[in-house]
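The next block holds one structure in the form of structure tokens; read it before the comments.
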Amino acid sequence: MRSDKIKKGVEQAPARSLLHATGQIKSPGDMDKPFIAICNSYIDIVPGHVHLRELADVAKEAIREAGGIPFEFNTIGVDDGIAMGHIGMRYSLPSREVIADAAETVINAHWFDGVFYIPNCDKITPGMLLASVRTNVPAIFCSGGPMKAGLSAHGKALTLSSVFEAVGAFKEGSMSQEDFLDMEANACPTCGSCAGMFTANSMNCLMEILGMAVPGNGTTLAVSDARRELIRESAFHLMDLVKKDIRPRDIITKDAIDDAFALDMAMGGSTNTVLHTLALANEAGIEDYDLERINDIAKRVPYLSKIAPSSSYSMHDVHEAGGVSAIIKELVDLGGAIHPDRITVTGKTIRENVADAKINNTDVIHPKENPYSPVGGLSMLFGNIAPKGATIKVGGVDPSVQVFKGEAICFSSHDEAVEAIDNHTVREGHVVVIRYEGPKGGPGMPEMLAPTSSIVGRGLGKDVALITDGRFSGATRGIAVGHISPEAAAGGPIALVHDGDIITIDLPNRTLNVDVPDEVLEERRKELPKFKAKVKTGYLARYTALVTSAHTGGILQIPEDLID
């Protein structure tokens, strides 16, 4: 066992003394059992994580029952909804790297034999996922689960995205204060990750097809007894993985990454999943995984399930309709869409895991014969603004919009754009360009949920587009193109767009272009000032120095002269 490094031999007597002092060693025989880390992310200010201490206790009990010795530690977490619209959002994506580094540090410093990861919200799941393939210790994931959808006084289903869009409607005068306050009070009625197919739930669903979590992980409610049963079940599976020495890199292969994007396309997941899954591929040592490959997957996978913010359906509706397993089963039966014979943490293949799954409500999950669209709900765009690619959630765009051509109105920050939208400087026919908000430029690639929600809240969801080297919340909908690469701070051509330039977003052809000759763009480049970091000290300064653009997954890159 790995843990023998800290508990066997005369030299480890001091370590054994310290282990006895933890209170986790209940009998002499415990030193001969596998040591299992519980990587938790309990935090009081994140509603998706307030109940995770209780779930960790369930995991501890089950791990002991299955023959292991549990040791819990905690990571940090950022709530994107609370951190939205101010400097806190600049810490959100960077927190992914802190979480990965922290988990790596504890796991490798203490030579654990297995790891039970309990994430839930936006950057916590991918951060832990990066740690799992980096340390490559037998591991399993079981998230905290989604919250229930809210309900307004008028009987309308609510999610957090309802509140963000209500801000724009209230400012516009099209919503009463009474209705506005009703939404605020009732949109998030329980603990758990936000109720729509936003980033947290998208990632937790992808864990099922990656093979790192048991069926039900993505949709079983946080407040249900079934969530506790998933934790127990996962603990026993983890002990089998430890016994058989099945490791994350045995499960997370190039085929698994392909299948994650296939499910993402079928359920119209958050665009942030593209960032995180590309980063995962890099961390797992999977080479040459790029945005063009994702487009190829999108072309062969139908769009089967529209969930909030693209519809009124919540994650609980998906669960009742058959869950992620029902969507995966449709892809298995489609043939050629995924690789169903890959091994998973259950010891079974994907095909075996979903063999008995079925669709219980064809309004929530469409059968493969009747998809929302024959192609996936996410699309990668390329063109002279985004030579390395950009991302759009086509499932969140009104179907009547196939090509959008408009006049650029440019901003160098999120805040400038929000002010212009709110004071009606932005009008019908505009393409709002927000640059210098990428991983390096932001820094931290903040989400542009406030401007997109204001656009939709003003009733301009089909009439105004927004493009950015920043990113979007999973709650974003509308004509919103993000992750433009290279970013402006890295000299990307989005920095060369001027007010009044005509920009064309062509969804069928997956292109994003500005109608300006190449030679004019090159002349503009000569006048472009050198980018200077916005933050000079602390973690964000270090992050700025090392981070890369979105087409890599926004990973940190060590200078080559330090590793050659």
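Quick reminder: no glycine exception, Cβ is built from N, Cα and C everywhere.
With ASP122, LYS123, GLU447 listed by Swiss-Prot as binding Mg(2+), the candidate from ASP79, ASP80, ASP415, ASP422 annotated for that site turns out to be ASP80.
For the recorded Mg(2+) site, residues ASP80, ASP122, LYS123, GLU447 set the reference point as the centre of their Cβ atoms, and the other residues of that chain within 8 Å of it by Cβ are VAL78, ALA83, MET89, SER92, LEU93, CYS121, THR199, ASN272, SER473.
Note on the binding-site residues ASP80, ASP122, GLU447: the fewest other CB atoms within 10 A surround the CB of ASP80. Look at GLU447 (Mg(2+) binding site): DSSP puts it in a strand. Applying an 8 A CB threshold to same-chain residues 6+ apart, the list for CYS194 ([2Fe-2S] cluster binding site) reads GLY48, GLY81, PRO146, MET147, THR159, LEU160, SER161, CYS188, ALA200, ASN201, ALA475. Only ASP80, from the recorded positions ASP80, GLU447, SER473, place their Cα within 10 Å of the Cα belonging to CYS121 ([2Fe-2S] cluster binding site).
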